[in-house]
């Protein structure tokens, strides 16, 4: 089964109005990341940490998925509908599996209609119990400290991967990329490459087997991303690259 792997970063949600970690303004400029996103001292800063993530959930609840989120949600239909028609004419075309891996902790992909998103760095609308690992959804509400309903532990944590904390979904990500082949495509959107070195990951994957096509869409050139890894690059806001990306994907998967 051919695969399209969509790997996204903060630039995807920036056009919805969410401040990114490296923006000069917004919440991140008002708080020290090493105080509100540090696994080694988050318990010492318990109230501050939850105050910060309460504000982030409040911010998230005020924005909507943008056109790129909605386009990504529609990709299974866009790419598979012509292939179904070809199959009916006995020109066999396997359905395309679309896999979403994101560094974002927001739920805008899900709200746009994407299911089974792999969130590498956690999910803002959820809380986790560090003791029993019970996870529960609190939406966009403010978290009021209380004991875990599952094991009664008293220090519940935002379901966010902090600095110096293990990120278990990275194993899944590396496994997905390592299995790609010449019939597969990777679409990278809105990432600087500073946290997850996506170009190195792709280069390593291709040391085993060539990936069919690789597309990059960023607002501008990022030194941490090797342009040579990609077959097509669009430097423009994500919502302005939709038509061109759709054309590239259709040419690869359908033509």
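Glycine residues also receive a Cβ, built from the backbone N, Cα and C atoms like all the rest.
As written in Swiss-Prot, here are the features:
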- 1-252: domain 'Deacetylase sirtuin-type' (DOMAIN)
- 9-28, 103-106, 190-192, 218-220, 238: NAD(+) binding site (BINDING)
- 121: active site, proton acceptor (ACT_SITE)
- 129, 132, 148, 151: Zn(2+) binding site (BINDING)
Coarse DSSP state, helix versus strand versus coil, of residue 13 (NAD(+) binding site): helix
Length of the line joining the Cα atoms of residue 148 (Zn(2+) binding site) and residue 219 (NAD(+) binding site), in Å: 42
Other C-beta atoms that fall within 10 angstroms of the C-beta of residue 148 (Zn(2+) binding site): 19
Residues that sit under 8 angstroms from residue 13 (NAD(+) binding site) by C-beta distance, when 6+ apart in the chain: 20, 63, 66, 69, 104, 106, 108, 190
Rounded inter-Cα distance in Å - residue 151 (Zn(2+) binding site), the residue listed as 'active site, proton acceptor': 24
Cβ-Cβ distance under 8 Å to residue 129 (Zn(2+) binding site), same chain, at least six residues away: 135, 148, 150, 151, 153, 156, 157
Cβ neighbours of residue 9 (NAD(+) binding site) where a neighbour is any other Cβ within 10 Å: 25
Neighbour count (Cβ, 10 Å) for residue 103 (NAD(+) binding site): 21
Number of Cβ atoms other than its own within 10 Å, given for residue 190 (NAD(+) binding site): 24
Cβ-Cβ distance under 8 Å to residue 121 (active site, proton acceptor), same chain, at least six residues away: 103, 104, 105, 160, 161, 167
